[in-house]
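Undergrad: Sending over a structure as structure tokens; questions will come in a sec.
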Amino acid sequence: MASGSESPKEKPTDPESESPKQNPSGPGSESPKQKPTSSGSESPKQKPTCSGSESPKQKPTGHGSESPKQKPTGSGSESPKQKPTGHGSESPKQKPTGSGSESPNQTPTGSGSESPKQKPTGSGSESPKQKPTGSGSQSLNRRPAGPGPQFLNRRPTGPGSQSLNRRPTGPGSLNPRPRGPGSLNLRPTGPGSLNQRPTGPGSLNRMPRGPGSLNPRPRGPGSPNLRPRGPGSPNLRPRGPGSPNLRPRGPGSPNLRPTGPGSPNLRPTGPGSLNLRPRGPGSLNRMPRGPGSESWKRKPTGPGSEPRKRKPTGPPGPQNYNDAVWKFTKGTVDKKLEKSEPYRIFMSPISCDPETHTEESTLSFAELLDKSLGDLTESLHLNFMVELGWLFAQYFITDQKGKKMTLLYERCNEDIDELHKEKKLLNVRHKKIINKNAFGHQHSKLSMFAYADGSLRVVVMSANLCEDDWTRYAQGIWVSQTFPLKEKDDKSDGNSKTDFKIDILRYLNSFREPILVPWIQKIEKVDFSQANVFFIPSVPGKHTEPLWGHLYLKNILKKHACLPFGKPSEWPIIAQCSSLGSLGTTDEEWLKSEFVESLSASTYCGDADTDDNPIPFNLIFPSVNNVLNSWDGALGGICLPYNKILHEKQLWLKKYMCLWQCHSRKRTKAMPHIKTYCRMSSCLTKMSWFYLGSSNLSKAAWGRKLKSDEQSNFIMAHEAGVLFLPQFLIESDTFSIDETKPNKFPCFSLPFDLPLSGYSDTDQPWTISTS
């Protein structure tokens, strides 16, 4: 026990105090039933050999203290029925090897020590029933005046010695274990203790609060509290070089994170630690609970508190989806479509660029479901890939949940058949399209929406029904006006000058799928006379009539594409796509001999034989640097599946390639999944026609001649696109693409920048490796 404290049934051992039934063992103390072995000490029936010592039944040797029947273990301390092991203490049945140590039945070798039944060897030591012979030796605070007092400062090294390395627990021991007044132990909590736990005024403990307190808690100007924040403040919070903040990490840093012994880490959870974890009033812990708590992680749970909202633990549901574009146009999408007249072409938003969210020419999928467009009753989606959860979420957030849906697809991330068995998709009719040809796919991207009044809306796009397609990649979307029901007395077929209705019915009938029959019947009842674009489809098979693929496109261009000035070679063709197929070992094998030849068709009436120059052809396809510098880096190239091995077989294609740039529409860093084809003047002011759809530059999508029958067109994929011709939209020969000059009609906004930038010698197209 520490100095100045008492334990029950014992009295303090300070000088001027008594401890009954105990014998002191320090200098000037008594030890019953022992014989002194040195001068100035006495044992029963013997004479003392050293001055200033006495035995029991005589006056005590300490200042007014007695301790019969017990042996003290430390200077000025008590430990009943124990023998001291420290300096000036006893170690029974051992031989001392250093000075100032004792062992029973042996003669001590150090001064000032005792051993029962032996004679003391140091001056100033006593045994019971003897009187000290030296003056002033009765004080516990004085050192013996006899020979050998310098040995008290030495550490005995022999066995059984009173070594300072041992752990005596008696009063007066140097061991930090004893607790009591004056103890060196840091555990005592009394006033003046060295322990950091006292909370009294002037205490070294950091817990006292008040002006001038050393506790970091007080807050106010000039306070030593670590909380105040500001230049020169001792607050641990400021961060920066030389700051006393505990946050900096590094060798020698005052960071609280180190966990080694003696570290000022806040992690220790013992009493009085600096750990932020302790909970209680005024605690630094951020987790206090109860009414009025300022914890940001947990809300109060006491009376009057609000119920805590729990975060969903399962997979994200429809309620977790949102649309960054639709939130600005909710309920007004119909007006947005009206402003886009006469072209009605949009691009998808890019989540990484908020500036694209508010463009008038940006359209999200959720906007297609906006209630301002009509009372939706049913939807039809023909697409290559479907992400079912995302698709249903769009209906959920636009309050169109549970509406009937028909899906034709090739790939889906869910097993729809299994969901049907579990009766989870009762409102969905679906059909997975499997192409017999390995290079053929159901690649169309077409949607139709039926409304309560019997009207229909058609959407042709380049995007799959997947979240990334509508938020990360540059996509093109064409949205038609609403086509109403035919009047009862209308005996016409409801077709338009562009044969839009006939073409789309032929396309849907080619699938020969029963689930499409209701939609075919709906279309037959609708008036499409106001359709002003051409529908360009591709379906698998060998076709002898020019109604599919590039031959159908050629047939239309030959009738309606105008080149009002210059020669045909002054009207280059531009193709832009996200994937490339096998085009042959030379450009004459298919690209120029079939595809470019079809796209070069026009109503040009001049002498074509006088133009010896070929029709220029350019292909916009992202380079490696385009992809690496995109918003998603290399991951942006996922939408560009051009095979590396295939490219090595047609290296000639690089001379036609141009970089992807779309600064005018803020989409240069968004990789293009859009597919477009057009023909414009070499002066870059006029455009003859424009195509938007799902067809990439490949034989499978557009078709090719067969060696056995050069009059046929062999196609392997389902595709769908729309062709814009100025005569049917603005009653002009060309579209204007120069926004710097005044025009009678709105300029046609292109999804890429002009002039084009060709590949340099070091540029390479982005490719993927399948190995």
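Here, residue 1 is simply the first one shown, and the rest follow in order.
Just so you know, glycine gets a Cβ as well, placed from its N, Cα and C.
Dumping what TrEMBL says about this protein:
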- HIS443: active site, nucleophile (ACT_SITE)
- 34-55: compositional bias 'Polar residues' (COMPBIAS)
- 70-79: compositional bias 'Polar residues' (COMPBIAS)
- 94-141: compositional bias 'Polar residues' (COMPBIAS)
- 1-324: region 'Disordered' (REGION)
- SER698: site 'Interaction with DNA' (SITE)
Undergrad: Determine, to the nearest whole angstrom, how far the Cα atom of SER698 (site 'Interaction with DNA') is from the Cα atom of the residue listed as 'active site, nucleophile'.
TA: 12
Undergrad: Among all protein chains shown, how many Cβ atoms are found within 10 Å of the Cβ of HIS443 (active site, nucleophile), not counting that one?
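TA: The Cβ of HIS443 (active site, nucleophile) has 27 Cβ neighbours within 10 Å.
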Undergrad: Determine the Cβ neighbour count for SER698 (site 'Interaction with DNA'): the number of other Cβ atoms within 10 Å of its Cβ.
TA: 22
